[in-house]
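Before any comments, here is the structure.
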Protein chains: 6
Amino acid sequence: MTVPEQDPTGLTHLDARGRARMVDVGDKPVTGRTAVAEARVRMRPDVAARLVAGDLPKGDALPVARIAGIQAAKRTPELIPLCHGIALTAVEVEIDVDAEAGTARVTGTARAADRTGVEMEAMTAVSVAALTLYDLVKAVQRDVVITDVRLRRKTGGRSGDVELP
Amino acid sequence: MTVPEQDPTGLTHLDARGRARMVDVGDKPVTGRTAVAEARVRMRPDVAARLVAGDLPKGDALPVARIAGIQAAKRTPELIPLCHGIALTAVEVEIDVDAEAGTARVTGTARAADRTGVEMEAMTAVSVAALTLYDLVKAVQRDVVITDVRLRRKTGGRSGDVELP
Amino acid sequence: MTVPEQDPTGLTHLDARGRARMVDVGDKPVTGRTAVAEARVRMRPDVAARLVAGDLPKGDALPVARIAGIQAAKRTPELIPLCHGIALTAVEVEIDVDAEAGTARVTGTARAADRTGVEMEAMTAVSVAALTLYDLVKAVQRDVVITDVRLRRKTGGRSGDVELP
Amino acid sequence: MTVPEQDPTGLTHLDARGRARMVDVGDKPVTGRTAVAEARVRMRPDVAARLVAGDLPKGDALPVARIAGIQAAKRTPELIPLCHGIALTAVEVEIDVDAEAGTARVTGTARAADRTGVEMEAMTAVSVAALTLYDLVKAVQRDVVITDVRLRRKTGGRSGDVELP
Amino acid sequence: MTVPEQDPTGLTHLDARGRARMVDVGDKPVTGRTAVAEARVRMRPDVAARLVAGDLPKGDALPVARIAGIQAAKRTPELIPLCHGIALTAVEVEIDVDAEAGTARVTGTARAADRTGVEMEAMTAVSVAALTLYDLVKAVQRDVVITDVRLRRKTGGRSGDVELP
Amino acid sequence: MTVPEQDPTGLTHLDARGRARMVDVGDKPVTGRTAVAEARVRMRPDVAARLVAGDLPKGDALPVARIAGIQAAKRTPELIPLCHGIALTAVEVEIDVDAEAGTARVTGTARAADRTGVEMEAMTAVSVAALTLYDLVKAVQRDVVITDVRLRRKTGGRSGDVELP
């Protein structure tokens, strides 16, 4: 919350506390970075079966969702206001469908050699791939839910390798 | 799945079935459209308390997340490959934090007068607002999870008013 | 400023007052809209003379600045967070250089048939055209100043025709 | 070519002739518009065979190219400076590979109900789909050529239906 | 101004002089770069007071304007045609309101380690933040003016540290 | 073509073969890279003469096309789904018109110091510059054709210097 502060000169400083900013990463070393994120899309088994078969009104959903995820990863700094621009060296989006359970699991991997991590790139990739799946099945099932969007693993940077449960 | 078909002329047609396309909405009437979507971000209660207080390393998170969601709604057709461009007449993103439970509920509303619905705009708004919250708290807690991203309500179009549980 | 409010359920509502939103224009009628904006770029007379002659390190500045302004007008809703998307029917950017006075006057005109005005499109066009002029002369003069960015005229909408001094 | 003209007041008008502008389409009626464009990508027969088989270093090229073309159509006004924004009602990109001849023919169709035609949207769709094919086969063959990018058909607007040879 | 030149082969070379280009910075060393720019927005004192209080029709303007400025800095190469892409390491936008004088001063700071300076990123940040303030107060006051957009300081590169008056 | 594979756990893996991905360039060394591409635009001699004279309905086409090509080069990773983001150090677009033959030859040069080549940036620059020329002459001649879009030269990277016929 922005907290205006009145200073003796009568000028109102709005930036005292809470002011959003892109934090300075200029002094951090360039290291290899990896992040793996995951999302789940829950639908009816019959819809998941059509997803696997590529039999949906807008066409075969899986390649579209993977490409949408890859492209979104590259645009992360445009979408997430305080993210730094990062030259990604690799992005992969994988979708595994368990038709019986009615679940599509989206896994996204982002890599870079940079001063800051690529968690947001991986998280954005899986979110947008999941949204695209939603878009492509929504004509068939309206109450599909995207859930468990989370980071699974990251390597590089000060915190080193981290595996999340 | 693209299914190449060999026709008598020896030409391989790749578009027989499964070919992704932006479906034609040219014959659908222009009607008022509304969609409300929702997402939840789960974090520790102490992190939720700092979110409410605007006390996070990158600054006050809530206005940033709301604006990120609004801007993302406008860019939905760039992110979701088979979505049509829509001139939104209104977008709102609301964030309610239950600090005790450690949950932020993001609600997004999109409106337009168009030939096609605005579900994806509302879903994209809440997803990107949730990703932005994730970005702003991740320095404090690493295993924050975005969950239950779903449509709550839609009005307009052939299916009329729909309330989802 | 976001003002958190505690309600009886214990939930913190952050949206009570001050919450940024794209205001709803769905009920406003579609009318013809025009806006004319202006900016001035002040430089040394010798720099202005080189601008007229097209003799600058990055090439002829004036077509570049005009095109940059036109393209920026189309991207106004991406740049200005709470602006609505508008289908512009015309954009023009004009640059008049008074080499003796060392001034370039940028005039931008935007037109649309829409529910909301095109002031921001005209203002964005002249601002980005002026920034582009700055970029193209800055190798020659460092302290160029952009000034008097303002709306000159608007037509259409509830307020009708308005001429600003 | 910009032609500076000196007027009696000593002001240099750069906009007399040749000044680029987005022409005003505000007075044109809204009509249904269609445009079909085409491009050819010429490669070795063995490369075309791998394209059909989806056996290329970056993966299956055809769905990627089709989606790239569809997405590019939507971004035409950002790429082509003097194009108007258009709310496309449909976009399709089709790719036919003649493996024996070593040719991929890309056909793009754009539709809208608007004041101006959608030729550039169809042309941009096939160009970017062809560039994407080039990107995906270039590791296998370096001298692939994109050729015969042209409009095949347009309907709607003042000129009515036009079929190009 | 583009100057077509007729050469003996009968070919018209349009690029002889004045042709716009992104100048080659490949041979310049990577150094730490900082730029600070400033803009002023002039409004009535009562409007400035509402700006400080966050009491405006579209909501609390200051966080929106700061975020718009930060995001615009990242998109500078898209807006300013001949600017190079730069991986910014930090961006900050600060707004000080002197309600009595009716002035908002926008200060923008951009940092990078790159081959070329970040002046345009700082200038673009303050311009777009100022345009956003304009957008958010224009319903209350129509003749708000953005003025004195200029560079205040730059460090790094061949010219070293420069302070502008 | 995506090939779903059923594994013993009952999970359908869609990524076995053919799955599109941004290949990992993280282990490739950073080297200086150049690429030169070319496109031809074929029109009637009288239209080519008007192009040279800058006498076209939307204004002087050549500076617009050059700038469109430069800007498109910077946006290549947004347009071509599996391209990596590259910090270009230079982009040039040159247009030579042979009015007698009715041909405009567009030459685009891209440079960078990066882990991957800049062929797609040069190819995208000439394609979008050619599309822009098409847009600017299409009111005068409808059946203009873009042809021979190809790479002419590349330097840097594993394959060293390559000259294409």
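Each Cβ is built from the backbone N, Cα and C atoms, and glycine gets one as well.
Any TrEMBL annotation is an automated prediction that lacks curation.
Annotation source TrEMBL lists domain 'Molybdopterin cofactor biosynthesis C (MoaC)' at B:22-157. Here TrEMBL flags B:LEU82, B:CYS83, B:HIS84, B:MET120, B:GLU121 as substrate binding site. As annotated by TrEMBL, active site applies to B:ASP135.
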Helix, strand or coil at the residue listed as 'active site' [DSSP, three-state]: helix
Pairwise Cα distance for B:LEU82 (substrate binding site)/B:ASP135 (active site) [Å, integer]: 27
For the domain 'Molybdopterin cofactor biosynthesis C (MoaC)' (B:22-157), the number of residues DSSP places in helix, strand and coil: 46 helix, 47 strand, 43 coil
Interface-proximal recorded positions, chain D, C-beta separation under 8 A, candidates B:LEU82, B:HIS84, B:GLU121, B:ASP135: B:LEU82, B:HIS84
Binding residues B:LEU82, B:CYS83, B:HIS84, B:MET120, B:GLU121 (substrate) - maximum C-alpha distance in whole Å: 13
Largest tally of Cβ atoms lying within 10 Å of a Cβ, found at which of the binding-site residues B:LEU82, B:CYS83, B:MET120: B:MET120
Residue with minimal Cβ packing [other Cβ atoms within 10 Å] among the recorded positions B:HIS84, B:GLU121, B:ASP135: B:HIS84
Rounded Cα-Cα span from B:ASP135 (active site) to B:CYS83 (substrate binding site), Å: 26
